[in-house]
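Trainee: Sharing the record's features from Swiss-Prot:
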| type | residues | note |
| --- | --- | --- |
| DISULFID | 127-582 | disulfide bond |
| DISULFID | 144-538 | disulfide bond |
| DISULFID | 218-282 | disulfide bond |
| DISULFID | 375-423 | disulfide bond |
| DISULFID | 605-642 | disulfide bond |
| CARBOHYD | 98 | N-linked glycosylation site |
| CARBOHYD | 119 | N-linked glycosylation site |
| CARBOHYD | 152 | N-linked glycosylation site |
| CARBOHYD | 409 | N-linked glycosylation site |
| CARBOHYD | 441 | N-linked glycosylation site |
| CARBOHYD | 683 | N-linked glycosylation site |
| CARBOHYD | 733 | N-linked glycosylation site |
| REGION | 184-190 | region 'Involved in fusion and/or binding to host membrane' |
| REGION | 269-276 | region 'Involved in fusion and/or binding to host membrane' |
| MOTIF | 863-866 | motif 'Golgi targeting' |
């Protein structure tokens with residue numbers, strides 16, 4: 001904001017500025033009046049600047065100057081005033097008049113400078129009159145093309161099938177028994193697991209049908225083959241029995257199970273000894289099984305493979321299916337009533353149950369025929385609106401709802417050529433009937449039956465053609481008008497004969513079909529649009545040709561220039577047009593005159609302004625007349641009667657010049673003149689918006705199910721197996737002996753080093769005693785141990801009886817007991833003599849004894865007794881020490897003394913009992 005002092009100064013200067021402006025305007029008005037006065041007297045002066053400004057000479061053809069109403073424009077800013085050649089002043093009134101004219105000329109020169117073109121590209125052209133050396137004619141009208149229309153379009157309903165990559169799923173039942181053998185070692189204060197053996201054995205067929213399915217029970221023993229040996233395992237090392245199956249603790253969405261025991265049998269051993277225990281757990285488990293084409297095997301949710309077709313059976317067709325096992329491992333049970341092991345109820349309807357034994361388990365499943373259980377193709381899309389178009393030897397099925405186009409041959413593809421495809425006709429017919437009843441029942445009629453086409457990418461298109469009711473009635477009326485039988489509705493070629501059977505191989509992506517749809521959509525739209533444009537363009541050109549022929553008679557130059565494409569001059573020579581080439585003139589070499597009046601003819605004026613130009617910068621100045629569109633005519637014969645109120649705009653360079661009353665007024669820019677368009681708008685329909693939505697051939701779940709193994713389910717089942725069939729919370733406590741020993745150890749440990757030493761000795765003895773007693777009691781508590789002890793006792797009693805009998809015989813008759821053979825011989829001789837009645841030889845009938853031999857026998861017996869006594873004494877001396885040796889020495893001395901003192905005797909004397917004791 002300006003300060004107050006500045007405002008006061010501006011208020012004082014403003015009246016002075018207004019006064020100066022008014023004086024300048026008055027002076028200009030006086031000068032203009034003088035100039036008009038000179039022009040009224042018929043003076044036509046020619047003004048020329050210095051030689052270096054000769055190109056800016058102004059030729060005023062005696063026309064009147066602009067009046068005050070128009071007012072010549074002032075000097076254009078940025079253009080310097082050109083110096084004028086000073087004239088010799090005249091004295092008096094004449095001198096003042098010349099001064100006024102000089103000012104008027106200066107203003108006119110400034111105005112003319114403003115008229116000059118500012119754009120260097122706005123060229124002027126000089127077109128000489130054609131001589132007829134070159135003539136042209138217009139072309140005759142052309143025939144216009146027709147817009148191509150589609151042919152043989154058919155509407156209908158379609159059902160699209162794809163390859164079935166999902167496996168065949170069914171429920172299978174696993175029967176097996178888990179055998180666990182544990183070995184433990186019992187310490188003084190702890191129990192250590194030293195061995196663990198796990199195995200699985202299949203359940204026999206008879207036990208499945210007669211025990212598990214009939215009673216809901218399972219036996220606790222199992223006999224199976226391992227390493228070519230038949231072995232038997234008993235649960236808890238007890239005789240086998242039937243145990244109830246109980247539901248598992250947890251389950252998965254695809255499986256459930258039952259078991260007989262959840263506790264591991266690990267018996268306590270005696271301190272310092274090993275003990276083994278066996279656990280047999282009968283498990284029945286329902287799992288999901290999967291089999292993929294060609295259905296030669298299936299895999300269980302546990303990860304186990306079974307190499308037999310799920311459709312294998314004993315029937316004629318089922319027996320041809322694949323089976324990798326021997327015949328004795330497979331059994332098919334007709335009339336099998338499955339039992340629900342949870343509720344115990346039996347199914348009301350019988351099934352055919354397949355049973356197969358593997359080395360680890362027995363698998364059972366319900367047999368079903370292969371057809372219609374599986375189908376090699378599956379329904380993908382139901383299309384309510386499907387357009388079929390014929391393109392040469394192919395059909396294109398287009399669906400706007402799918403934004404896809406499927407290309408097929410014109411010949412049909414019978415579904416019988418696809419293996420396991422009986423479901424196609426059944427599912428397609430049901431889908432078509434449902435769509436027709438819901439949407440087309442009142443408006444359309446079916447044409448023939450279902451048609452089958454194999455599309456690119458491995459898709460089977462089942463198509464039902466339709467026609468509207470009105471079109472069907474038209475066909476009937478046409479047939480009646482011709483008095484003919486009703487013509488059959490349009491049909492397609494019959495399907496080819498069925499060849500070798502195979503399966504479809506469908507691509508995972510349908511992008512090619514969507515691209516085909518996009519291309520066909522764009523092609524159809526663009527071709528129709530271009531066809532309409534071409535036809536309309538041709539018709540427009542033929543219609544405009546008439547206008548061109550008429551317009552060339554009025555302005556041949558403009559018509560010829562527009563037709564040839566460059567500036568030419570032209571004139572009509574009868575029915576042809578002569579042309580000549582125009583010469584370009586630079587804008588700075590063209591000068592416009594300020595008046596359009598003829599000095600010699602006051603009532604006649606020029607119809608267009610006069611100009612002066614040069615072909616080159618230093619060339620000679622040539623007079624001409626401004627034509628249309630910056631054309632310079634060499635003749636100045638375009639005249640017209642002068643009229644009052646004359647106003648004209650003429651193209652000059654890149655703008656317009658405005659003449660009023662046949663005198664230059666001012667310059668007008670092209671932008672200041674409103675434009676009226678002569679173009680005809682072409683109304684074209686642009687492409688409609690199409691959103692590409694994701695279209696999946698196979699969903700993520702289908703791709704996941706395409707594999708036989710569901711690894712997530714396998715891992716889930718394996719990790720939950722222990723939770724389902726084992727008790728991991730129950731703990732078996734140690735024996736009381738271990739608790740007693742642990743308490744004693746803690747007691748002695750609290751007494752210090754001495755107590756620990758004493759405790760070790762006491763604990764060792766106590767543990768030994770407890771172990772012996774526990775071993776004996778455990779051995780006796782065992783049935784086998786008790787039987788063995790009984791047998792040992794019986795054997796001991798028998799041995800004692802025979803020993804006692806022998807001792808009694810030895811005491812009664814030692815010689816007979818010690819020498820039974822000798823006594824047997826004497827008794828035999830005596831019996832023989834008694835039987836014969838002959839007396840024995842010798843006096844008195846008794847055989848005489850040899851006294852010498854008897855004495856030798858007595859001596860031998862005596863010394864044998866002495867030797868035995870001496871051996872006993874020596875043996876006792878080794879144990880008793882010195883006293884025993886002294887006693888033995890004294891005994892020897894006594895014996896020797898007795899032997900030397902006793903005289904030899906021939907009679908037999910037995911050794912007395914006291915003597916034998918003394919020797920000992």
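Even glycines carry a Cβ here, placed using N, Cα and C.
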Trainee: Closest to residue 642 (disulfide bond): which of the disulfide-bonded residues 127, 144, 375, 538, 582, going by Cα position?
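Mentor: If we rank 127, 144, 375, 538, 582 by Cα distance to residue 642 (disulfide bond), first place goes to 127.
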Trainee: Would you say which of the disulfide-bonded residues 375, 538 has the most Cβ atoms within 10 Å of its own Cβ?
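Mentor: Output for this query is 375.
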Trainee: Averaged over the motif 'Golgi targeting' (863-866), what pLDDT does the predicted model reach?
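Mentor: Here the predicted model's pLDDT, averaged over the motif 'Golgi targeting' (863-866), is 79.
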Trainee: Out of 409, 441, which of these glycosylation sites shows the lowest number of other CB atoms within 10 Å of its CB?
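Mentor: Result for the glycosylation sites 409, 441: minimum number of other Cβ atoms within 10 Å at 441.
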Trainee: What are the DSSP helix/strand/coil residue counts across the region 'Involved in fusion and/or binding to host membrane' (184-190)?
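Mentor: For the region 'Involved in fusion and/or binding to host membrane' (184-190), the helix, strand and coil counts are 0 helix, 3 strand, 4 coil.
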Trainee: Looking only at 127, 282, 423, 605, which of these disulfide-bonded residues has the biggest number of Cβ atoms within 10 Å around its Cβ?
Mentor: 282
Trainee: What is the interatomic distance between the Cα atoms of residue 375 (disulfide bond) and residue 152 (N-linked glycosylation site), given in whole Å?
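Mentor: With distance taken Cα to Cα, residue 152 (N-linked glycosylation site) is 34 Å from residue 375 (disulfide bond).
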Trainee: Got a sec? Which of these disulfide-bonded residues, 582, 642, has the most Cβ atoms within 10 Å?
Mentor: 582
Trainee: Quick one: of the recorded positions 218, 441, 538, 582, 605, which has its CA closest to the CA of residue 423 (disulfide bond)?
Mentor: 441
Trainee: What counts of helix, strand and coil residues does DSSP assign across the region 'Involved in fusion and/or binding to host membrane' (269-276)?
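Mentor: So the region 'Involved in fusion and/or binding to host membrane' (269-276) is made up of 0 helix, 4 strand, 4 coil.
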Trainee: Please state whether DSSP places residue 642 (disulfide bond) in a helix, a strand or coil.
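Mentor: In three-state terms, residue 642 (disulfide bond) counts as coil.
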Trainee: Determine, to the nearest whole angstrom, how far the Cα atom of residue 582 (disulfide bond) is from the Cα atom of residue 282 (disulfide bond).
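Mentor: Rounded to a whole number, the Cα-Cα distance is 114 Å.
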Trainee: Among the disulfide-bonded residues 144, 218, which residue has its Cβ surrounded by the fewest other Cβ atoms within 10 Å?
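Mentor: If we count Cβ atoms within 10 Å for the disulfide-bonded residues 144, 218, the smallest count is at 144.
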Trainee: Return the residues near residue 152 (N-linked glycosylation site) by Cβ distance under 8 Å, restricted to its own chain and a separation of at least 6 in sequence.
Mentor: 389, 390
Trainee: So how many of the residues in the motif 'Golgi targeting' (863-866) end up helix, strand or coil by DSSP?
Mentor: 4 helix, 0 strand, 0 coil
Trainee: With residue 127 (disulfide bond) as the reference Cα, tell me which of the recorded positions 218, 282, 409, 538, 605 is the closest one.
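Mentor: Of all the candidates listed, 605 is nearest in space.
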Trainee: For residue 144 (disulfide bond), which of the recorded positions 218, 282, 409, 441, 605 has the nearest Cα in space?
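Mentor: Result: the closest of the recorded positions to residue 144 (disulfide bond) is 409.
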